[in-house]
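J.: Residues or ranges marked as transmembrane segment in TrEMBL: 12-35, 41-60, 72-95, 134-158, 196-215, 221-243, 255-276, 288-321.
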Amino acid sequence: MDEIRKNYSLVKILIILLIIAVGSYVLSLAWVLIISKFLDLFVILLSAWLLSFILLPVVLRVQKILKSSKLIATTITYILISALLVIVSIVYLPLVVSQFLNLTNLLPQYLETAPPVLTSAVESFSNQFGNSVILIPSVAQFLFSAFITLILSFYFIVDREKINRELFNLIPRRWHNVLHFTENVINDTFVSFLRVQLFFAVSTGILTWIVLRIFGVDFAASVAFASGVFAFIPLVGPVFAIIPPILVALLKDPVIALIIGGILLAAQQVIFNVIGPRLLGQAFKLHPAVILISFLIGLQFAGNLGAVFAIPVLGISAVMIRRFGHYFLAIRSKATKGILEQAEK
């Protein structure tokens, strides 16, 4: 009898593995044949949906302050955001691009007398800048996609209740509580994570610009922009964010570079280790072995970007699975309690 049970368990495991393999193959075919053809549209819709989640608290705050309708509050919020984007596009981005170009042109002069280690690091960093500048012609397409994303996210916020009502009408009533719970979990995990990363990026960029301006270091705008972009990268972002200002400051004075590095490092401790955990909570604490495994898996499947973003994706997934597990266990516990109460009666 025990031998039969062992064989049954083995067959069951093999069937599950076969289902996973077939499912992965079908999904890969679907990706190639269908999803990849509509990838741009999918990215725009997903971005608009996430943006509506991120901006909803701002809209609700504006609505509360002005005591107005959601339409008016959303319109005011998006007008301010659009004005900010226009100002940044007209004033800041051209300055950043011109500084990038000037920096890449001036670097060979400084590297003639620089140590080999510094030369290698700066050349690698310069190549990254050069690759970024090559992408400038596609900015128009990006701005168009961003414009469409803003419009869609505007309607997602204004008609949020109507959209939810229409979706809920298509789904059996018994699943409504699960959908509400899913929406709350996504908002509390993934969207909160994006808000915090955006805070890291903006605060790091502004702080880097202020420090470089105080010490009279050139290319402050472009270096601050690069540091802000690096700071958005989860976990490893702080390490990458501090490299550009130090490298550029070394071209001016090694002592100043050391002071700037110390100031930015101290500020990072406050931003990432004091303020960050308070904003994000303790939800994303993972075991180092799990982090290493997720890093290797991400590197294998999606290269460098996969290695970087596999860790936060794993953390968010772990939180969501944990909360879903608690939710369904609570439902099962209530159902069991109800059955026992009926049995006692």
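Each residue, glycine too, has its Cβ placed from N, Cα and C.
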J.: State the non-local partners of the transmembrane segment (196-215) in its own chain: residues 6+ outside its ends, Cβ under 8 Å from one of its Cβ atoms.
T.: 54, 221, 223-225, 227-232, 234, 237-238, 241, 244-245, 248-249, 252, 256, 259-260, 263-264, 267-268, 271-272, 275-276, 279-280
J.: As a test: from 41-60, 221-243, 255-276, pick the stretch that has the greatest number of Cβ pairs under 8 Å with the transmembrane segment (72-95).
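T.: Between the candidates 41-60, 221-243, 255-276, the best contact partner of the transmembrane segment (72-95) is 41-60.
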J.: Determine which residues of the chain contact the transmembrane segment (41-60) at the Cβ level, with the cut-off under 8 Å and only residues 6 or more beyond its ends counted.
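T.: Sequence-remote neighbours of the transmembrane segment (41-60) are 35, 70, 73-74, 77, 81, 145, 148-150, 152-153, 156-157, 160, 186-187, 190-191, 194-195, 198.
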